[in-house]
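Below: one structure, written as structure tokens.
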Amino acid sequence: MAPWSLPLCSLLKHTDCLQRANIFFNVVQGLHHHYHPVRSRLWKRNFRAVSQGVGQLLSHEPRAGKCAASVCSSSLDGQNTTERLWSVYDETKRQTGDLISVITANSVDPDTIFANNEMSLRDIEIYGFDYDYTLAFYSSHLHTLIFNIARDILVTNHRYPEGLRKYEYIPSFAVRGLHYDVQKALLMKIDAFHYIQLGTVYRGLHPVPDEEVIAMYEGCHVPLEIMSDFYGKSSHGHTMKQFMDIFSLPEMTLLSCVNDFFMRHNIDYEPVHLYKDVKEAIRDVHVKGIMYRAVEADIEKYICYGEQSHAVLKKLSAQGKKMFLITNSPFDFVDRGMNFIVGKDWRDLFDVVIVQADKPSFFNDRRKPFRRVTDKGVLLWDRIHKLEKGQIYKQGNLYEFLRLTGWRGSKVLYFGDHIYSDLADLTLKHGWRTGAIIPELRKEIKIMNTPEYVHMMTWLQSLTGLIEQMQVHRDPTSRAVVEQWIKEREAMKPHTKDIFNAQFGSLFRTYHNPTYFSRRLSRFADIYMASISCLLNYDFQHTFFPRRTPLQHEASYWPEHGSAGLGASSPAPQDQSRV
């Protein structure tokens, strides 16, 4: 056998695997056409599964690495080695390109509900909802309003420079889930392993060079003791604050703008004081009712849509499901919004309505009793012995709620947009099922479905697999080629960020790892979706199954070990419609 024949055979095995990946999607398409009533979204699996498979194409045989290593001792000259390596590279790229149209055709439906934990709707008897960004969705005008009011509060009440009024809200600047180092005045994205994603660290409105970041943190890792606390707050010695609320987007932007102003004008300032002042200004916008009054005065400008939320509530009511609302917003604000979304009879749909609940302390503090509120906002003093339909209650606590309703355990499903304040305690302490509303999901999925993103990520995964397999070559000629591949991979990584957000990238991923936000989402939410309207696509017998993604030590049973005969005995393309 020629010195190159065995390792080359191992390396080129990815060609066969790529073809099998193509067959896999044709089988899926065949199933979709054969069973027409099944919604296409059930078969439009995320193309990232293919990307993952492509990334593993060059590592099917444990001995492949050893075989490839034997090339180092071959008698071939450097030029021949280089030609062979680039031949493998070109063939990998060609086969990857052939998959693009197949993957793009099997795009992800943005209205899908995604599961972190297996859950069946047939087990759910009671549905609970937050209000803001769960039942009511707001336009970008609201964030501009919050930013402008808080900025003016800084100038008027905290005596910040008048020049700050020149700054306007930047809708495309920040993303949810970022961390802010209070003492260093740095905004950044951190992954699930507490590592900073280089290229996403900002001081003011400008990125901090990677070398400076590494010097400040003595690497890229953020120790647990300075990370934000359980609820994402910077307290009790934690110097990091995590912004998990959608309402926090104006706060992050305002922090960055004020930092930018001080730096531009060489003004010496204390970052801790700045953070606290901005936090207080943002809080005043909410607590003092400034935002609520503005929205109530022009509700059509600030609330985007409500028809689908209304349809979900009607569907649940028609099925005889119990429903309740627990929100931190005041009654007048909720009443005005729900009248716009649902109609004046909105309270008839809910068995219990609780306003100004003060989550997350609502889920932990047993001391606050419920208090009834009249339609005119008058607080009554009588003891609450029963939570009655049609009445409005303020504050209270979850333990009293459980005692009065008996709604316990996994028969309750609660939806909210804040991973910590809405969902964490419910799933960890009380065993409720939880659903996260992630409005950003729809935009990100649409980007992921584009041919540009599909091509970029599929080739990135394939190139990574190629590097992983060929790194066993230690001779200078081979190393020079592999180094060129590594440089190409590094050059591609910023594009995977910029396609989502030029500053901070995707809400869900760093360059490769899940973000810290994703880690918390997967822990505290059984299911997640772009909006509550996604429920309209499912009946009440539906079971949500999480994907069985192979652990790093587990063999991948996709595509060659699939139960549908996706290996060497896969049916010919012309026969797949009969599968």
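Positions of Cβ are set from backbone N, Cα and C atoms, glycine also.
Quick look at what TrEMBL lists:
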BINDING   ASP130, ASP417  Mg(2+) binding site
ACT_SITE  ASP130  active site, nucleophile
BINDING   ASP132  GMP binding site
ACT_SITE  ASP132  active site, proton donor
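Just so you know, the Cβ of ASP130 (Mg(2+) binding site) picks up 25 other Cβ atoms within 10 Å once every protein chain is counted. Every protein chain shown contributes to the tally, and the Cβ of ASP132 (GMP binding site) ends up with 21 other Cβ atoms within 10 Å. Using a 10 Å Cβ-Cβ cutoff, ASP417 (Mg(2+) binding site) registers 24 neighbours. Comparing ASP132 (GMP binding site) with ASP417 (Mg(2+) binding site), their Cα atoms are 8 Å apart once rounded.
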